[in-house]
Amino acid sequence: MVPDNNRNEVEDYKLTVQVPETAHQVSTDSWLQAGFVLTTGVNSVFVLGYSGTIMVPLGWIGGIVGLLLATVLSLNANMLVAKLHEHGGKRHIRYRDLAAQIYGRRAYTITWAMQYINLFMINIGFLILGGSALKACFALFNYEHTMKLPYCIAITGFACTLFAISTPHLSALRVWLGCSTVLSLIYIIVACVLAAKDGANAPPRDYSIHGESSSRVFTTIGASANLVFAFNTGMLPEIQATVRQPAVKNTLKALYFQFTIGVVPMFAITFIGYWAYGASTSTYLLNSVSGPLWVKAAANISAFLQSIICLHIFASPTYEYLDTKFGIRGSALQLNSLSFRIAARGGYLVISTLVSALLPFLGDFESLTGALSTFPLTFILANHMYIVAKKDKLSTLQKFWHWLNVFIFALMSIAATIASLRLIAVDSKEYHVFADV
């Protein structure tokens with residue numbers, strides 16, 4: 001319901017800005033709800049791996065400087081995309097729509113492919129992490145016959161399918177965002193407290209960066225991709241589509257919330273985990289901590305449940321595309337809507353689950369996702385689209401800054417792709433398919 005004092009503003013907006021057709025809701029959510037969606041992504045179950053996938057390869061200086069730089073640059077890039085939301089008098093509720101408006105129809109397909117690869121690989125990560133959390137929980141109570149990771153991933157995929165069928169669109173997550181916040185706080189607080197206790201009682205740790213010079217170069221480049229992966233969704237226009245008017249102003253508020261209050265838990269768990277265990281930090285922090293079984297079990301169950309909610313957020317652009325393409329409208333409980341979600345979303349998650357169980361090399365997929373999709377979508381495209389859209393309004397210095405960003409992040413994307421593919425090739429030799437890692 002639009003508040004009365006905003007009704008005239010919304011009506012004027014409808015007369016001047018065109019809203020594309022979609023089967024999902026547009027302009028229904030507050031900036032705070034959008035902020036919680038963005039913060040849920042930042043503090044997702046992936047934070048349990050950042051001590052190992054970011055800090056271990058980069059060390060204290062590289063890790064801290066890298067995270068701070070990634071925070072500032074990611075906020076700036078996301079603000080650029082947010083400001084282009086109504087470019088050309090049309091509300092761009094999908095990333096590919098915005099690219100097509102600025103570059104032409106060919107860019108629609110290219111951006112669509114990059115974004116959906118990005119989101120698909122993020123969802124693979126959530127399935128692997130959800131399965132890892134479930135496996136860790138089983139292992140706490142059954143040392144001899146713990147369930148293997150591929151089976152845990154399959155259970156996670158089934159749970160995600162049930163959630164996807166019962167939650168029709170992104171705006172329907174309202175109460176679940178509150179649940180997600182509570183779940184995130186549980187595993188973050190547990191991990192921080194237990195890791196701090198271990199660190200306080202442990203002998204001096206080794207914080208050196210291990211490996212030969214050649215391998216350290218590749219792991220450092222891969223960690224740089226993890227840095228940008230940590231802060232960026234690759235689907236800001238889709239989240240912005242749910243925000244009430246004024247959409248640009250409210251989305252900027254949501255971004256400020258994400259990159260101030262929202263990043264504090266992520267920084268805390270990343271730094272405390274690395275301080276406690278040094279170079280031996282696990283890529284899943286709850287595997288490193290020691291403490292009461294029931295506390296660790298609660299943290300792992302929370303991580304498992306939060307991965308289900310987060311996956312739904314990152315899969316929502318795919319669901320919106322399918323629902324709009326096949327005209328699925330009306331009540332979510334109608335037979336045709338329900339049966340379509342079972343078939344379409346179930347099929348998507350079956351494929352995602354199969355790939356996740358087939359190649360469960362989490363850190364490598366984080367790096368490859370950042371290299372192939374997050375760098376281009378968040379930094380290269382954002383800066384170049386802003387140059388093209390605002391070319392007559394930018395000073396020479398502003399243009400230089402945006403072109404510098406395009407050039408640097410293009411080089412980093414190429415280097416990170418090569419490094420990530422090398423890591424996957426190395427791990428593929430060490431692990432077999434459907435590995436129990």
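Every residue number used here counts from 1 along the chain in the order it is shown.
Placement of Cβ uses the backbone N, Cα and C atoms for every residue, glycine included.
Under the heading domain 'Amino acid transporter transmembrane', TrEMBL lists 28-420.
Among the features that TrEMBL reports, transmembrane segment is placed at 58-81 (among others).
Look at TrEMBL and you will find 116-141 (among others) tagged as transmembrane segment. Here the transmembrane segment (116-141) has Cβ contacts under 8 Å with residues 44-46, 48-49, 147-150, 152-157, 159-160, 234-235, 284, 286-287, 293, 296-297, 300-301, 303-304, 307-308, 310-311, 314-315, 317-318, 352-353, 355-357, 360, 362, 365-366, 368-369, 372-374, 377 of the same chain, all six or more residues outside its ends.
The transmembrane segment annotation in TrEMBL covers 147-166 (among others). Same-chain residues lying 6 or more positions outside the transmembrane segment (147-166) and placing a CB less than 8 Å from one of its CB atoms are 126-128, 130-132, 134-135, 138, 304, 307-309, 311-312, 315, 319, 338, 341-342, 345-346, 349-350, 352-353, 356-357, 360, 434-437.
As annotated by TrEMBL, transmembrane segment applies to 173-196 (among others).
Distant neighbours of the transmembrane segment (216-234): 38, 41-42, 46-47, 50, 53-54, 57-58, 62, 66-67, 69-71, 73-74, 77-78, 95, 115, 118-119, 122, 209-210, 259, 263, 266, 313-314, 363-364, 366-371, 373-375, 377-379, 412, 415-416, 418-420, 422-423; these residues of the same chain sit at least 6 beyond its ends, with a Cβ under 8 Å from one of its Cβ atoms. TrEMBL lists 216-234 (among others) with the feature transmembrane segment.
Sequence-distant contacts of the transmembrane segment (255-277) (same chain, six or more residues past either end, CB-CB distance under 8 Å): 31-32, 35, 38-39, 42-43, 47-48, 50-52, 54-56, 60, 63-64, 67, 71, 74-75, 78-79, 82, 184-185, 188, 191-192, 195-196, 198-199, 202, 205, 207, 230-231, 285, 288-289. As annotated by TrEMBL, transmembrane segment applies to 255-277 (among others).
Within its own chain, the transmembrane segment (297-322) is flanked in space by residues 22-24, 37, 40-41, 44-45, 48, 94-95, 115-116, 119-120, 122-123, 126-127, 129-130, 133-134, 136-137, 140-141, 156, 159-160, 163-164, 167, 169-170, 173, 176-177, 179-180, 183-184, 186-187, 190-191, 233, 235, 238, 286, 328, 340-341, 344-345, 348-349, which lie at least six positions past its ends and keep a Cβ under 8 Å from the stretch. The transmembrane segment annotation in TrEMBL covers 297-322 (among others).
The feature transmembrane segment is assigned by TrEMBL to 342-362 (among others). Same-chain residues lying 6+ beyond the ends of the transmembrane segment (342-362) with a Cβ under 8 Å from its Cβ atoms: 49, 120, 123-125, 127-129, 131-132, 149-150, 153-154, 156-158, 160-161, 164-165, 283-284, 315, 318-319, 322, 326, 423-424, 427-428, 431, 433-435, 437.
Annotated transmembrane segment per TrEMBL: 368-388 (among others), in sequence order.
Marked as transmembrane segment by TrEMBL: 400-425 (among others).
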